[in-house]
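As written in Swiss-Prot, here are the features:
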TRANSMEM  11-31  transmembrane segment
TRANSMEM  51-71  transmembrane segment
TRANSMEM  78-98  transmembrane segment
TRANSMEM  101-121  transmembrane segment
TRANSMEM  134-154  transmembrane segment
TRANSMEM  162-182  transmembrane segment
TRANSMEM  206-226  transmembrane segment
TRANSMEM  245-265  transmembrane segment
TRANSMEM  273-293  transmembrane segment
TRANSMEM  297-317  transmembrane segment
TRANSMEM  332-352  transmembrane segment
TRANSMEM  361-381  transmembrane segment
Amino acid sequence: MTNSNRIKLTWISFLSYALTGALVIVTGMVMGNIADYFNLPVSSMSNTFTFLNAGILISIFLNAWLMEIVPLKTQLRFGFLLMVLAVAGLMFSHSLALFSAAMFILGVVSGITMSIGTFLITQMYEGRQRGSRLLFTDSFFSMAGMIFPMIAAFLLARSIEWYWVYACIGLVYVAIFILTFGCEFPALGKHAPKTDAPVAKEKWGIGVLFLSVAALCYILGQLGFISWVPEYAKGLGMSLNDAGTLVSNFWMSYMVGMWAFSFILRFFDLQRILTVLAGLAAILMYVFNTGTPAHMAWSILTLGFFSSAIYTTIITLGSQQTKVPSPKLVNFVLTCGTIGTMLTFVVTGPIVEHSGPQAALLTANGLYAVVFVMCFLLGFVSRHRQHNTLTSH
């Protein structure tokens, strides 16, 4: 593979995460305007965004098999066509059914692109370099999550219709589409080059189960925590503005942490540092949940920094459980994380209703403790060390 080709594929991976981050995180900014557009209460409008998450989940799950049937370049180019149709649907339709369908299509495109982006990184880089590259790729999710809400605020403040926000997000996919030209993608399944030696199917092992449970509990815990921090902070007497600043600080330190750990991870065994970070994150979340408002800003900043590398390291270790990176395995771990996203309000909503926001935060803390236990148990069964030794020879 030529260096220019590798750079193009790496940028496609970066932008695939930026696309998903923009679509998921911008929701809160535009929901009120969309509710007004359709003359609906915000509470019922929020349910239609489930179509976005459902599209992401289904496409990540199915793409484990589709990757071996439909070439990656073809998928990305077809995704561009779907993106144009979805954004056009949002612009020219006044039907809630068509809006929901467009959201589902955006979710499908986003999920397919993100799963391809993840696979490209696991395919092109090996060992500890794979972990640092995946982490840097994941930072584009957070970066888009900071940039696109600012773009949305800029447009909405000037009374520009909400659907132009999605047109701006569509420009990310335009860049991906342009990068596919003159770019060679790894061939999979029936399109892969034939070899004389038969390819032995590798068993995944119990380590994949531990990692999948960790991925689900981590995302469910993280989103369950950050979704209810504003309500919890307001209950302690903080202003809405200060409560919002806590969330912004979390994502800012999360992004800085990703950049820092993309260098730090190269010098440590991934399973060991993952166990340490998961334990630290559980302790720091407990400090935040039981601390005074005066210490909240510092504890959420440190929590964001030290938890930033956990999810990507889980995916990296998953990809290292087999000698040859398996798209099905990587997508399975990703799917478990996406299920955590889907379950966020299903799990935390009733808890808040019955016991208040702090109970939801303590539940999230319990989920982080489960992540720590899974990462600790992984140390006894993980195959990443033997595969790293083989690739280094």
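Heads up, the Cβ atoms here are built off N, Cα and C, so glycines get one too.
Quick caveat, the model's predicted, so the values are computed rather than measured.
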**Request:** Quickly jot the same-chain residues contacting the transmembrane segment (162-182) by Cβ under 8 Å, restricted to those at least six beyond its ends, or write none.
**Result:** 8, 11-12, 15-16, 18-19, 22-23, 26, 29-30, 33-34, 37, 73, 76-77, 79-80, 83-84, 86-87, 90-91, 106, 109, 113, 144, 148, 151-152, 155-156
**Prompt:** Would the transmembrane segment (134-154) count as touching the transmembrane segment (11-31), i.e. at least 3 C-beta pairs under 8 angstroms with sequence separation of 6+?
**Reply:** yes
**Prompt:** the transmembrane segment (134-154) vs the transmembrane segment (51-71): three or more C-beta pairs under 8 Å (separation of 6 or more)?
**Reply:** no
**Prompt:** Counting Cβ pairs under 8 Å that sit 6 or more residues apart, are there three or more between the transmembrane segment (361-381) and the transmembrane segment (101-121)?
**Reply:** no
**Prompt:** Counting only residues 6+ away from its ends, which parts of the chain sit with a Cβ under 8 Å from the transmembrane segment (206-226)?
**Reply:** 247, 250, 278, 285, 307, 310-311, 314-315, 317-318, 321, 329, 332-334, 336-341, 343-344, 347-348, 360-361, 363-368, 370-371, 374-375, 377-378, 381-383
